[in-house]
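Data block below; observations after.
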Amino acid sequence: MAAAAAWWEALVAAAAVVGGTAGSSTTVVSICVFTAVLCLCLVAGHLLEENKWVNESITALIIGCLIGAIIFLLTKGKQSHILRFDEQLFFIYVLPPIIFNAGFQVKKKQFFHNFMTIMSFGVFGVFISVAIVSAGCYWLFPKVGFGKLDASDYLALGAIFSSTDTVCTLQVINQDETPRLYSLVFGEGVVNDATAVVLFNAIKNLNISHLKGGVVLKVISDFLYLFATSTILGISMGLSTAFVLKALYLGRHSTDREVALMALMAYLSYMLAELLDLSGILTVFFCGIVMSHYAWHNVTASSRITTKHIFATLSFIAETFIFLYVGMDALDIDKWKTSKASFKTSISIFGIIILLVLLGRAAFVYPISILSNNMSGSSERTPITLKHQVVIWWAGLMRGAVSIALAYNQFTFSGVTSDPVHATIITSTIIIVFFTTLVFGFLTRPLISTMLPRHSRALSRGHSTGSNSPKDDFTLPFFSTDEDASGSGIVLEQAKRSISLLLERPVHTVHIYWRKFDDKFMRPIFGGPQSH
């Protein structure tokens, strides 16, 4: 061990001689070591690919924790991580490729068929969860001897622990085996993160000492404004990219330009949203959906393959980076030294937050699922069964890097805090992220295998991908050809039939109308194959 410690110190000292300054040399050493550890995670993930209990997130967390322990011993307790966490670095560089790839790869038909349910989970669910977590912390923390938090801190805690871990959830649930379940959990995760971040920023801007009666309406109106404008911006950037690729056909000279334009426009959409104080998560997500629907069809065949693999690879590296860092940061000695809370108090805080997270999800998952089933016609789609509700509730219990980033933003300054109370909140957040990812993530695959046997998943997949009912092929009067509309009586009959179908199967009917409109007006301008 002494030899290993001497090697580490010699490595840093040698880098200092080469680099010229201690600060830059240390950064070079840190990046080299972190890159090597990332490679180790890739190899370990490959070797554990067939293990049904362990996924990539858990592997990265465990390796991060082991590397943190090694560094802790090598530096004789001075530090445990290679790089210091920066929430701005996370939001600007790490999160965009993950969210964009999620939108680029999502099965759009499933996502928009469940759009209202997803929005209910992701928006109303977050408001309910924030209220429960904030009120519960405000009531229970003083009872275990932990207090001295402002009202804004309690509200911020509600937003911090209401953000689910989209990254880990997407690795656990298979999109092909359970398409509707995946669509609901995935869609909720993206909208949930956006809602939590918007609410968190709104809470930070609130003046708690001068609250007025209309503050709730103001928060809701601000959120609706941000959601609408962010979505419009993302769609506009995606359509602009598609139009340029179709009009200029960059692939005839260089396929590299096609790929570069798509990647840069996607990142530009996120940064524009941040520049305009909008939700970059929503913007880049909808930009990804629009690019996959239009722009992807305007590039050469080789560029199509390249873009899918490049975006997926960047997302994968970013996901691994996040969980690797969380694992190392769990052993950050500075935060543990600053926190003055006793072991009993720390365990009590941990238990309270976990309990509130469980109750907060249950308080909206089951009621919204029941409401969605009652509002949907029997022929519209398969209902959200009790087993599906349990899986949705369980999969959303994991907390990830968004929670850590928000906690750092609220309770630290540039990743450092000297306040013991704030340090306790940071360490509790890290422990909760570590625990929920390991324990809940560890049990999610066996839970899905138990709750959704393979034959049930195949049946659900067959139902959700569309039916062969003659109703699927009805003609819409507003988009029918002259040959179809040969008489006013026929048109009237078609209109009556379409209205009855709209009332009976609203989502399916709206999808058919959109498909006709898309083929007739959108695809000729922005590109893409014609539907048949």
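The backbone N, Cα and C atoms fix where each Cβ goes, and this holds for glycine too.
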Range among 146-164, 279-297 that TrEMBL annotates as transmembrane segment: 279-297
Surrounding residues of the transmembrane segment (223-245) on its own chain - C-beta under 8 Å, 6+ positions past either end: 123, 194-195, 198-199, 202, 258, 261-262, 265-266, 268-269, 272-273, 276, 278-291, 293-295, 298-299, 525-528
The transmembrane segment (60-77) vs the transmembrane segment (423-444): 3 or more CB pairs under 8 Å: yes
Recorded stretch, among 89-106, 181-203, 347-369, 390-411, maximising Cβ pairs under 8 Å relative to the transmembrane segment (309-327): 89-106
Leading stretch by Cβ pairs under 8 Å, where the reference is the transmembrane segment (118-141) and the options are 89-106, 181-203, 279-297, 347-369, 390-411: 347-369
